[in-house]
Ligand SMILES: CC(=O)N[C@H]1[C@@H](OP(=O)(O)OP(=O)(O)OC[C@H]2O[C@@H](n3ccc(=O)[nH]c3=O)[C@H](O)[C@@H]2O)O[C@H](CO)[C@@H](O)[C@@H]1O
Ligand SMILES: C=C(OP(=O)(O)O)C(=O)O
């Protein structure tokens with residue numbers, strides 16, 4: 001869906017407070033995990049995003065009924081699995097949907113899931129998902145652009161991931177939760193979104209040990225019950241707003257944050273020279289009247305500096321005089337923001353996955369987001385300069401930021417979007 005552009009006029013400090021939504025990347029696997037129980041589950045803190053709508057469309061095809069029972073509360077019920085396939089039209093909209101493979105397989109014994117396509121910033125393989133399932137006893141065949149998976153009994157055995165993968169760990173956990181086998185995953189991801197999935201599944205009666213460590217032990221259980229659960233705050237959204245505070249040389253408070261999930265971001269903001277004050281579930285960033293300093297950053301899996309904040313950090317560093325070096329080995333091609341920031345006067349040289357940024361003042365320009373976090377980099381950049389920055393590609397922002405224009409306006413930002421409602425109601 002094409003939406004009218006976002007108009008951003010910046011160049012003045014923001015103030016006040018902004019509340020972070022529930023985590024997109026935690027909510028999506030938790031929503032998928034409700035496929036494992038035939039009982040009703042109520043989730044709170046679910047952001048109203050187009051990605052949530054996409055996963056709900058896919059799950060409706062699989063047999064899930066959903067009802068929004070509050071602004072951010074969602075009731076899900078899958079009494080029976082009606083279909084065991086996840087077709088390309090639905091999977092290609094969002095790569096995260098590939099993890100339905102593990103969930104359908106757990107509940108129905110077989111699953112046919114379309115191979116996810118490429119994405120705006122290059123290949124995102126699923127080889128580790130497939131290798132893990134095979135190692136645990138699942139037959140997986142590639143056929144006509146689909147992965148066909150079939151299990152004859154419970155999943156059993158050990159798999160050592162060749163690299164840290166959030167989605168691969170999600171898929172293996174989902175596949176192994178039901179049954180009577182015992183599965184050990186080594187070199188498993190310790191990302192907050194993996195810990196969240198495990199805590200949710202255990203809340204419903206699963207037996208998964210080792211959350212937050214690289215070794216997970218999953219003892220299959222016969223069935224999961226229903227329940228009620230609140231999704232963790234979105235650390236990427238929180239980080240986006242914290243970087244915005246520094247980029248606009250503002251002081252404002254970001255509420256509903258888990259500061260323990262934001263150590264790498266807080267550390268870098270302090271190194272840049274911003275003041276960061278933590279107070280329970282709030283964090284205040286103060287970058288007023290400071291000479292901010294350039295820094296070097298390399299993305300890593302959690303708890304390192306997240307790739308999902310790399311474009312936003314690049315936008316911030318593009319405003320800080322001096323030379324910063326940003327490297328993103330996690331997603332080496334995640335660079336769609338660079339050409340757009342060039343349009344805004346940024347000096348960024350790219351070599352492989354390295355950006356060398358010579359910071360200075362940016363200027364407004366018409367720009368286009370080609371993916372979600374590139375869009376976030378552009379609204380941060382736009383809010384640092386006077387004049388009208390017109391950002392096209394708003395549908396990408398709607399994947400990850402709920403009621404963005406309205407919430408930024410709450411900080412005093414001049415951000416307008418002419419759609420009657422920025423985020424389509426996700427139901
Ligand atoms: C919906 C969601 O939660 N998305 C997040 C998730 O994506 P996603 O789960 O897809 O990312 P992964 O953690 O799997 O990817 C990490 C790295 O492993 C590689 N890899 C992954 C799987 C595989 O089978 N083979 C392989 O080579 C990837 O190319 C990448 O270089 O984690 C990423 C890394 O923190 C984030 O950028 C995404 O926002
Ligand atoms: C890249 C992201 O999501 P996805 O993995 O769904 O593309 C993101 O949230 O920044």
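Note that Cβ sites are derived from N, Cα and C of the backbone, with glycine treated the same way.
As the structure is a computational prediction, the values presented were derived from the model and not from experiment.
As given in TrEMBL:
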DOMAIN    8-408  domain 'Enolpyruvate transferase'
BINDING   24, 25  phosphoenolpyruvate binding site
BINDING   95, 124, 125, 126, 127, 128, 308, 330  UDP-N-acetyl-alpha-D-glucosamine binding site
MOD_RES   119  2-(S-cysteinyl)pyruvic acid O-phosphothioketal
ACT_SITE  119  active site, proton donor
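Listed in sequence order, 95, 371 are the same-chain residues six or more apart from the residue listed as '2-(S-cysteinyl)pyruvic acid O-phosphothioketal' with CB atoms under 8 A from its CB. Mean pLDDT across the domain 'Enolpyruvate transferase' (8-408) comes to 97 in this model. Of all the binding-site residues listed here (126, 128, 308, 330), 308 has the Cα closest to the Cα of residue 24 (phosphoenolpyruvate binding site). According to its DSSP assignment, residue 128 (UDP-N-acetyl-alpha-D-glucosamine binding site) is helical. Under 6 Å, Cβ to nearest atom of ligand 1: this is the test, and of the recorded positions 24, 119, 125 it is passed by 125. For the pair residue 126 (UDP-N-acetyl-alpha-D-glucosamine binding site) and residue 25 (phosphoenolpyruvate binding site), the Cα-Cα distance reads 17 Å. For ligand 2, the nearby binding-site residues are 95, 308; that is, of 95, 124, 308, these have a C-beta under 6 Å from one of its atoms.
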